[in-house]
């Protein structure tokens, strides 16, 4: 396939083809970026000119929905119909099914349709997927449909059967069609998400978002009038500018470093046969690190679009400042500086982790981890590389847990030892992550096996050996003798 056909390959609008030619960026990515930048401008207008104090929720719902549909059609063309089919079908389930069964029928329908589309995508694109194809928005819509169905179900349950979090997010009445469409197809999140809670979204549309998130009983500066706490609407300008600067940095890295270290070079036959193991290991590390900024960019820009509209207030941070990270999908510093595999997972694709916890982990009575893993794998798709990644993560997680339990406490006696431990575990974690996620980017079986053979399966072997050789419950350290304390004698007297 020639370079020209790659650049122009898209299922959406061809209007910006000249721009794609000039900048040398695939048209599907140009369409996505233009929609998100336009969405950022529209979000500012939505907050300033279409505020809930001037217009009712119906107008705001309609505008958010129509713009979202336009964005989807512009980016994906007729493939956007998959989003509309799934949303309308699951709303029919929402209306017709009993509230005791809404969650079951919704997750079966949404996950079934998503999986069918992902299977067809493998055959249509023959493993060569677009960077921004229709399955991404379909995955986000699936999250929203299912999490809302579970929350509507929770609204009918007895409170003593729910966790505190489930009680807080329970939806007591079924949403109207307009509310349902707006929640699933709004222009803030239709392209790249992230998923957010229905009650938070409706509170934002109705103008109660800041009041709900910033209200504190007895807080200074909060007046009480007619039983309502009046909270000033904070400005998101600082948060938006900060996140846009992060996006600019990610773009700079993408155009200068990411393109210089293509992932596919890890399985180049000449490179594998001629380069030493340490060189190949180093290149894998650099290429995976260089691949992250495109995810950082997409998720941070989506977060900025939400914030620009006034949505995303989490509360007050430890400094008493407004935090705009309610629906943030990534914590970049925590990822880059992480010293544990689990911490990386916790800070990557955060809202998907919340969704998995809500619809699976907290609901399962047995085999929680296994069932959550299965659901996550199905949600991501049917490419074999995804399953290589998830299966590889199992022994790694077990080995990392065993190492932490058996080794870490030996390095806490001094700051120097602790720093040494952190440096070693940072390097080990980052190299392990590179090894684990490589199949996620290579997708197919053959290139994945080529890569793992070139790496001699060393992480698989080491993690299995550690998991089997280290005790899962290390011997408790011997208690140290306590110095004689006169106060104890006084107490005893």
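Placement of Cβ uses the backbone N, Cα and C atoms for every residue, glycine included.
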The annotated transmembrane segment range in TrEMBL, which must be one of 222-243, 244-265, 266-287, 288-309: 244-265
Please find, within the list 30-50, 135-155, the residue stretch that TrEMBL describes as transmembrane segment. 30-50
Residue numbers, six or more beyond the limits of the transmembrane segment (244-265), whose CB comes under 8 Å of its CB atoms: 271, 283, 286-288, 290-291, 293-294, 296-297, 300-301, 304, 332, 438, 441-442, 447
